[in-house]
Amino acid sequence: MTQAADARDRPVLVIAGPTCSGKSALAMAVARAVDGTIVNADSMQVYRDLRILTARPTPADEAECPHRLYGVLPATETGSVAWWRGRAVAEIEAAWAAGRTPILCGGTGMYLRALTDGLTDIPDPGPEARAEARRLVDAEGPAALHDRLAAVDPESAAALHPADSQRVARAWEVWSGTGHGMAHWRRTATLPPLACRRVAVRLDPPRDTLRAAIAVRFAAMVQGGALDEVRALLAQGLPPALPAMRAHGVPELAAHLRGDLTLDEATHRAVLATGRYTRRQSTWFAHHDLAGPADSLVIGTRMGGDAQQMERNYADAVSFILMRIDVGRQFP
């Protein structure tokens with residue numbers, strides 16, 4: 001079998017869009033229609049400590065159809081792009097082997113791009129280098145660590161903002177643990193794109209609709225136990241630079257629990273921060289193709305609100321996906 005023919009028989013569906021656009025609900029509708037396995041492509045939904053604040057699928061949804069890579073990491077770890085790619089490829093291949101259709105669902109563009117465009121294969125720096133990077137960020141701050149990095153690896157440092165603690169720490173641990181910087185590894189080692197037939201549905205609701213939905217959802221999260229979720233995180237004494245500690249709502253609710261903000265102030269700040277993030281997500285997805293033009297559908301509304309409109313959107317998305325899968329199997 002040729003590579004092109006093999007790819008036609010290996011469909012991967014992609015459901016992407018900004019936070020709170022209704023991706024999970026659409027993924028469930030599609031999974032019912034295509035006997036699908038939903039594979040998480042959200043960098044915060046990988047953390048088991050953050051079911052509420054990351055709006056992970058409900059236990060009922062997880063029982064109805066297979067969900068993979070949700071809640072699989074403790075908050076003490078980092079779900080890097082390379083880690084996710086390796087796990088996602090394994091889950092996609094397992095779905096194919098079981099006769100199911102894999103459905104990537106999420107809003108983390110760099111995760112999705114690791115499959116569509118490939119990824120630099122950087123060696124594991126090791127636990128000592130990771131611990132050193134976290135210690136330096138916590139003790140000195142990201143700007144000071146950025147200065148250290150610039151002295152030994154100026155090329156990698158030049159590509160990073162000094163305040164980006166996560167990426168600065170990652171660059172330091174790579175240099176410290178491998179003896180080469182990020183820029184070096186990006187030039188020398190690459191994992192190829194996944195050989196498959198991609199069909200993508202991107203949700204792109206109006207920003208005012210999204211802002212209103214974010215506010216409603218965050219209020220529901222607070223009522224549903226988000227404060228207890230953050231309280232449990234704080235009890236672990238985790239470094240603030242860890243990704244889980246920077247998830248939407250965590251810093252703001254943590255400030256409230258410390259007495260630095262009222263609950264209304266924390267809620268307002270969290271909603272604003274999430275809204276700013278969704279703008280960046282929408283911009284990113286508008287400039288990065290997840291599938292070919294004929295295999296891509298953009299839906300300009302949120303999957304929520306009016307029930308009849310939502311059902312029409314579900315039907316349109318499922319019809320498009322089934323048609324493109326069928327076309328892909330007939331033609332190269």
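Cβ atoms here come from the backbone N, Cα and C positions, even for glycine.
Pulled from Swiss-Prot, these are the features on record:
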{"type": "BINDING", "residues": "Gly17, Pro18, Thr19, Cys20, Ser21, Gly22, Lys23, Ser24", "note": "ATP binding site"}
{"type": "BINDING", "residues": "Thr19, Cys20, Ser21, Gly22, Lys23, Ser24", "note": "substrate binding site"}
{"type": "REGION", "residues": "42-45", "note": "region 'Interaction with substrate tRNA'"}
{"type": "SITE", "residues": "Thr108", "note": "site 'Interaction with substrate tRNA'"}
{"type": "SITE", "residues": "Arg130", "note": "site 'Interaction with substrate tRNA'"}
{"type": "REGION", "residues": "166-170", "note": "region 'Interaction with substrate tRNA'"}
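When DSSP labels each residue, the region 'Interaction with substrate tRNA' (42-45) comes out as 0 helix, 0 strand, 4 coil, counted as helix, strand and coil in that order. Restricting the average to the region 'Interaction with substrate tRNA' (166-170) gives a pLDDT of 89. Under DSSP, the residues of the region 'Interaction with substrate tRNA' (166-170) split into helix, strand and coil as follows: 5 helix, 0 strand, 0 coil. The Cβ centroid of Thr19, Cys20, Ser21, Gly22, Lys23, Ser24 marks the substrate site; residues of that chain outside this set whose Cβ lies within 8 Å of it are Gly17, Pro18, Ala25, Ala55, Gly107, Leu203, Arg302, Met303, given in sequence order. In the three-state DSSP scheme, Arg130 (site 'Interaction with substrate tRNA') falls into the helix class. The Cβ centroid of Gly17, Pro18, Thr19, Cys20, Ser21, Gly22, Lys23, Ser24 marks the ATP site; residues of that chain outside this set whose Cβ lies within 8 Å of it are Gly107, Leu203, Pro205, Arg302, Met303, given in sequence order. Each residue contributes its Cα atom, and for Pro18 (ATP binding site) and Arg130 (site 'Interaction with substrate tRNA') those atoms are 30 Å apart. The number of other CB atoms found within 10 A of the CB of Pro18 (ATP binding site), across every protein chain shown, is 26.
Long-range C-beta contacts of Cys20 (ATP binding site), restricted to its own chain and to partners at least six residues apart, with a cutoff below 8 Å, comprise Ala55, Leu210, Ala213, Ile214, Arg217, Thr274, Thr278, Arg302.
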